[in-house]
Structure formats: structure tokens, C-alpha cells
Amino acid sequence: MKIYWTTINGKSLGMYFLLGVLAILAAAGLYATYAMFSQGHYITGMNNQIPWGLPIVVAIYCIGLSAGSLVLSALSAVFGQKEFKPFARIAVFVAALFLVGSLLSIVLDWGRPDRVMLPFLYLNPRSIFSWNGFLYSSYIFICIVYLWAMFTGRDGWIKPMGILAVCWAVGVHSGTGAIFGFINARELYHSPLASPTFVVAALSSGTALMILIIVSTFKATGRFLDNRLITGLAKLLGSFIMVVLYFVIVEYIVRLYTPSTCEPTRFVLFGGNLYTYIFWVGLILLGSIVPAIILFNPITKNSIPWISFASLLVVIGVFCERLIFVLPGQIFPLNLFPDMEMTSSFMDGQITWYQVSLPEIAQGLGILSIVAILYIIGLKLFALLPTEARHLEHEL
Amino acid sequence: MKRRDFLKLGGIVAAASAVTPASSLLYAGKTTTSAIKYGLVIDLTKCDGCGECATACRIANNVATSPDNEKINNYWLRIARVKSKFPNSHEQAIPLMCMHCDNAPCVHVCPVKASFVRKDGIVMIDKHRCIGCRYCMIACPYKARSFVFKHNEGFSNPDVPKTMHGVVEKCDFCVTRIDSGRMPVCVESCKKGVMSFGNLFDPESQVSRLISSGKVHRVREDLHLGAKVYYLGL
């Protein structure tokens, strides 16, 4: 089957309206960032006990989203699932965009973003951040070369580039998990499972987001989309959710069992605080169990609205997973004197809550809006979308 | 030797020479050849937690303070109060600062090498290189580091640099005082003689004698960080 690739028209009233809303959000985000630097970072929710807040959550969430979309493209190029070829270009493009979004979120979270080139000048081979600076930037480059190979019809390049991109994606996401997993000081970070959990959660959220993006883009631009392609992706998503759930269960059971990590783990799982609800309701119930029921139930598993709903839940559920990943490890105090009670004027030994601030929310939404604007511009400039997405059996 | 074998051998040598330095970069311990390694011994049996060292530290180092928002007050030195969980237990005041680890996690994680261990063992921050990513604050198990949350105009001590908005700061053993032959201000300001500062390599120094008593402990020794702040009576 020959696939014809086209750009979008992009001149409808709805499109202008959408672009206008996104531009306002992006401007608000940039203004919030400016305010952080001109007034000071005290206007954010972070403090000396919680140095990493929402921007880091958004950053690692965006990195995760980029993985799953790349895998979608690799399905046809590397794993021989030829029926997914209509999504190949859009998937790589979205992967690169979300990486741009995450880099924006990381750099704008720094105290001194004007020193953005320094990590490239002074590499520290023991720093995971240094590795990630290299991995993220080269990952964007690989995505661009991969897209170029697809656009110029260099079929010989596509498979090697696809394999390289998949390997790189595993490195990028393991590296992101390692930011937390390598930290010995914090009981809720230090874990060899952090990297693998990050990879599978990335696959799950990325696949879910791609389902949402594909269904909405094809519908909005009036292109034919074969239901069987989406149900195929939904099957994949169902298995990813199960793997994430398994990894989370293993991680938390080990932590509960170990006396030194039991207390902070109980704080998250049974503390009756906001993070308890995010864990049980957001991640476990709405993020894993409900979508799994939808995706494995014979009545709903072939219905596009149900699959889209499940995908939306997964996208939210993985965001909850990221929150649980980043925040409770800082909210729960460091254990300087085990089995002792400790107090000081520097918030030692006491739980300090993270109160998310308006500038941080505006910045996060602004960055996501920039990603969306770039996506629409990309669709308009480059022939990323097929005229129609049919399952291969149609031509037989 | 055949040409092919020669090339093979050359390739192996090249690969090995590339791998060896790479693996040594990842290795944790680094030995310094310096004859000086500074350390601090804090005698907790003498400390009553009056907090004069903390006040002196704040003034001498231009530590960023924010009277109107306690949550973003920075601390280079703080007095922690620690007691056991049983009733009627004695509350011990413990001055806490940067422990100046040999295997400092903050130095390991810094993506720009703005944090570094000086040859004499002092862990320092180059505030003109720090990008403010705060990864070191995540990695430090002692909570020794603070982020400067806003621009500060005044400074209390013109001999040391002013704070800089957007970078991380912490105790540097009053490095400018040490380099001009003086003691850290916390040591000097304590009227009870709680703290002793000196060269750990010098067998005659007060710190070495106190450490050789065998009664000293460090905070979180289980983390194997090679901290150089020792406590008597911990």
C-alpha cells in the first residue's frame, strides 16, 4: 500500500482560535518565568527543604511522553509491525517536540538559565545531569536525522536509525530515572528499580498520549482512521500498564519491608495526606486499574471512545506517578539521626509541605502550550500526516 | 605478525586505553597528595546550644536571610536539637554544617563542576559557574546547602563575596579566613571552646588528638562519605 503524506490546511476558524488560546497560555508561562527571575524564586512553591517542585515533575513527564511516541514509530521500522507505518512520521516528530519541552522546563527551572551552555563546557562524568545533557540533546538530533531519512525516502537508513533511536530512548529514560535512583541520601529516591520503572511508565504514558493525539488529529483534519490500528495500540497500552503496576508494587513492598525505609513509605501509602490520595486514587485506581479494565474488557476494548477515555486516564495516572516520584522524597525529612527526634529552625526533622504556586503552574502550562504550537506549525509546514490510515489487510 | 593481527592488536590497545580512564572517572574515591586536610571536631559535652556560632556565621559569611519568610532563610550553620523517643530523655544541641565529605555527593552530581573538593579537603562552590539546578541540594544527606531565593542588597561583611540570586551556597569553613591564617568564625566565636579546627594530617594538632581518643563519631557514617566534621559525645 502506498502512503500519501500531506500537510494540513490550518486555516479554519477553530484552528486560529486554538492557536490564540495556546499563544496566550505560552505568553503567561513566559511571563511567570520572567517574574521568577526579576522578583526572586521565593514566589515559587519551593524552599530549602523542597528544592525541586512542579517544573521538575513537568520535565520528567515530558521526557516520558517522548519515549512512547518514538516506540510507536519504531513498531513499523524496527519490530516489523508494518500496519503502524502511517503514524511513523508523526510519532518521531512528537517525540522530538516533547524533548524540547522537557529541556525548556529544566533550563527555565534553573536559578541561572543564562548559564545554559556551561553543562556542555564543563562535563562532569560522575553527574547524571551531565550524562542527561548529552543524552537529551543527541536524542533530539537522532530524531531529526530519523525524520530526515523518512522524508527523503532513504529506506536503507530508516531501520538503523530506528534501532539507534530505540536504544537511545532507553538510555534517555534510564538516565532520567537515574537522577533519582542514584541518590543515596533519600530513602524514597534511592533504588535500582527507578530507571526501569521510568522506562515502562514512559512507554505507557507515551502510547496513551499518542492514541489521544492521533485520534484527535485525524478527527479534526477529517482523515480516515482505521479502528483496528487504535485497538492494536490499545492492546500494547494494556500490557504497559500492567508492567508499570507490577514495578510499583515491587518497589513499595520492598520499601515497606525494610525498617530504614518503612517510615517514609508509610507516610506516602498510609499517611492520609494528599500524596496518599495521589498514589491510591490517581496512580493505582484511575491510572492503572480502571484503564486496565477498559482495555481488557471485551465490550469496551474495541470502542474508540472508551480507548480514548482509558488513554486519558493513563496520561493523568502517569503524571500522578511522577508526582509521587519527585515530591514525597523531599517532603519527608532527611534522616540525620536514625531513631531520634530532631528539630531545628531549618525545618529539620519535620514534614514540610510543598504548596504549588501560580507561577509554576503557569510555567508548566506555558511549556505544554509551546509544544502544542510547535506541533501545529509542524503539521502545517511538513507532510507529517498520511491522507488516510488504513490497516494493511484492506489492500489484500 | 600478519597485517590483520597487527591491526587487531592496535584496535585492542586503543579500546583499552579509551576504557581505562573512563572507568577511573567513575570510581568513587580519589586520593589527594596534599599535606593538609582540614577537619573540625565538635565537643558536644561542652555545647549548650546557645547559638552564638550560628549568629556569627550568618554575619561573617553574608548568608542570605529573609526575615519576612522563614521558609527561604538560608543556613550555613544551624543548631539542631536531638533527643531519643523515650520520655524524659536529655535533649542534645548539635551544631550542624557542611560536613566537607571526601566523597561528597554534591560534588558527584554537579553537572558543571561548580562544586568541588579543594586539595585541602574543603568542599566549595564556584558561584560564578553554578547554574542553580539544585541537584546538590537533593543529593546532600546533611541538608547543608541552601538556595539563594532572591536578590539581596546589603552585606554584613565586605571581606567575603555577596550572595548571588539563583545559585546555591553553603559553609566553606570560612575559606577566606583560613587562607589568611585565621580560624573559622564558628570556632572563634564559641566561648565554651566547643569546636576545634585544624589539620587532620598533623599528628600534633588538637583535632588529631581528639580524633585519636577513639570517642568521636560522624553523622551518618553508614553512608561512607568520609565526612571531616567529627563529634565528641554524639
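Placed from the backbone N, Cα and C atoms, the Cβ positions cover glycine too.
TrEMBL has this to say about the protein:
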| type | residues | note |
| --- | --- | --- |
| TRANSMEM | A:12-32 | transmembrane segment |
| TRANSMEM | A:52-75 | transmembrane segment |
| TRANSMEM | A:87-108 | transmembrane segment |
| TRANSMEM | A:128-149 | transmembrane segment |
| TRANSMEM | A:161-183 | transmembrane segment |
| TRANSMEM | A:195-215 | transmembrane segment |
| TRANSMEM | A:236-254 | transmembrane segment |
| TRANSMEM | A:274-297 | transmembrane segment |
| TRANSMEM | A:309-332 | transmembrane segment |
| TRANSMEM | A:361-385 | transmembrane segment |
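Outside the transmembrane segment (A:309-332) by six or more residues, the chain places 49-53, 56-57, 60-61, 64, 180, 186-189, 194, 198, 201, 204-205, 207-209, 211-212, 234, 237, 241, 244, 248, 263-264, 267-268, 275, 278-279, 282-283, 286-288, 290-291, 294-295, 300, 351-354 with a CB less than 8 A from a CB of the stretch. Against the transmembrane segment (A:12-32), stretch A:361-385 shows more Cβ pairs under 8 Å than any other of A:52-75, A:128-149, A:236-254, A:361-385. Remote same-chain residues near the transmembrane segment (A:236-254) are listed as 68, 191, 193, 196-197, 200-201, 203-204, 207-208, 211, 261, 265, 268-269, 283-284, 288, 291-292, 295-296, 301, 310-311, 314, 318, 321 (criterion: CB distance under 8 Å, separation of at least six residues from the stretch ends). Through the fold, the transmembrane segment (A:128-149) approaches residues 63, 66, 70, 73, 89, 92-93, 95-96, 99-100, 102-103, 119-120, 157-158, 161-162, 164-165, 168-169, 171-172, 175-176, 178-179, 182 of its own chain, all at least 6 residues removed from its boundaries and within a Cβ separation under 8 Å. Residues of the same chain lying 6 or more positions beyond the ends of the transmembrane segment (A:161-183) and with a Cβ under 8 Å from any Cβ of it are 60, 63-64, 66-67, 70-71, 73-74, 77-78, 92, 95, 99, 128-129, 131-132, 135-136, 138-139, 142-143, 145-146, 149, 189-199, 202, 325-326, 329. For the transmembrane segment (A:361-385), the list of distant contacts is 5-8, 10, 15, 18-19, 22-23, 25-33, 36, 54-55, 58, 62, 89-90, 93-94, 97-98, 100-101, 104-105, 108, 151, 217-218, 221, 223: same-chain residues at least six beyond its ends, Cβ to Cβ under 8 Å.
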